[in-house]
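S.K.: The structure is given below, and queries will be raised subsequently.
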Amino acid sequence: MIRPAASSARIVVLSGAGLSAESGLGTFRDAGGLWARYDLEEVATPQGFARDPALVHDFYNARRANMTASAPNAAHEALARLSRRDGVTLVTQNIDDLLERAGARGVVHMHGDLSRALCHACGARWDAPAVMSPEAPCPDCGAAATRPDVVWFGEMPYRMEEIETALAAADLFVSVGTSGTVYPAAGFAALARAAGARTLELNLDPSGGDFDEVRTGPATQLVPGWVDEVMG
Ligand code: APR
């Protein structure tokens, strides 16, 4: 049992698709997950987007609609409460906005944000419309070059310097609902441990990663209880 963090402890929480699973958003690698139903090469790579931008927009338009129709769950709400404590960095691999809708502040979306759009001609970013299409012009430069502001395989995740700085200073690293299969996120526990942090996994199916403690169960049962331990 990892001692509840002291009030001054610096905590980094990494979340994955398991955090939003109980809100009805699919995971990727569980049975029936997104990558069992879609070819990630076609819908989650720059090459796939170049080949068929309409297919990729359709894929993210459907996920955006599902996200909008979903609601934050008790785990999002607990992490939102934790985010108001000093010394906490919430990093998520998820592109949904459920943490923000639960009231979380300063969420670091390392794989981007489905509610945002990006122009790959001029780099402009804006709030994504419900439905995006290849023909829609960029509101800044007018080019028909818009894409969801998400990070695809083969692209650099966002805000890595900020994340690595937080990991290097962490007293506690907590991984919530991620299979730990995609780098660089899969290497965060080792980075935090190398800097002297204790490490805890909260997951439905343990990832097998090297954690000081692993608690197994659904996020809505594990996360609120853990946040209560930390917040006292
Ligand atoms: N509560 C907690 N954890 C859960 C729940 C739940 N209700 N349901 C599933 N999980 C866990 C699974 O046990 C698994 O460890 O969520 C994890 C889902 O793993 P993946 O589907 O691989 O999702 P994730 O780890 O977020 O994937 C990482 O891969 O495809 C890319 O960019 C994509 O950000 C994603 C990255």
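Including glycine, each Cβ sits where the backbone N, Cα and C put it.
Sharing the feature lines straight out of TrEMBL:
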- His111: active site, proton acceptor (ACT_SITE)
- 16-35, 93-96, 177-179, Ala219: NAD(+) binding site (BINDING)
- Tyr60, Arg63: substrate binding site (BINDING)
- Cys119, Cys122, Cys138, Cys141: Zn(2+) binding site (BINDING)
- 1-232: domain 'Deacetylase sirtuin-type' (DOMAIN)
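How about a rundown of where these features are and what they're close to?
M.R.: The number of other CB atoms found within 10 A of the CB of His111 (active site, proton acceptor), across every protein chain shown, is 20.
Of all the Cβ atoms in the protein chains shown, 28 others lie within 10 Å of the Cβ of Gly177 (NAD(+) binding site). Mapped onto three states, the DSSP output places Gly177 (NAD(+) binding site) in coil.
In this structure, Arg63 (substrate binding site) is part of a helix by DSSP.
Residues within less than 8 Å, Cβ to Cβ, of Cys138 (Zn(2+) binding site) and separated from it by at least 6 positions along the same chain comprise Cys119, Ala121, Cys122, Ala124, Ala144, Ala145, Thr146.
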S.K.: Fewest other Cβ atoms within 10 Å: which of the binding-site residues Cys119, Cys141 wins that one? Let me know.
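M.R.: Comparing Cβ neighbour counts within 10 Å for the binding-site residues Cys119, Cys141 gives Cys141.
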S.K.: Around Gln93 (NAD(+) binding site), how many other C-beta atoms are within 10 angstroms of its C-beta?
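M.R.: If we count other Cβ atoms within 10 Å of Gln93 (NAD(+) binding site), we arrive at 21.
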S.K.: Starting from the Cβ centroid of Cys119, Cys122, Cys138, Cys141, which together make up the recorded Zn(2+) site, report each further residue of the same chain whose Cβ lies within 8 Å of that point, ordered by sequence.
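M.R.: Everything else in range on the chain: Ala121, Gly123, Ala124, Pro139, Asp140, Gly142, Ala143, Ala145, Thr146.
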S.K.: For a quick check of understanding: among the binding-site residues Gly16, Gly24, Gly32, which residue's Cβ has the most other Cβ atoms within 10 Å?
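M.R.: Of the binding-site residues Gly16, Gly24, Gly32, the highest Cβ count within 10 Å belongs to Gly16.
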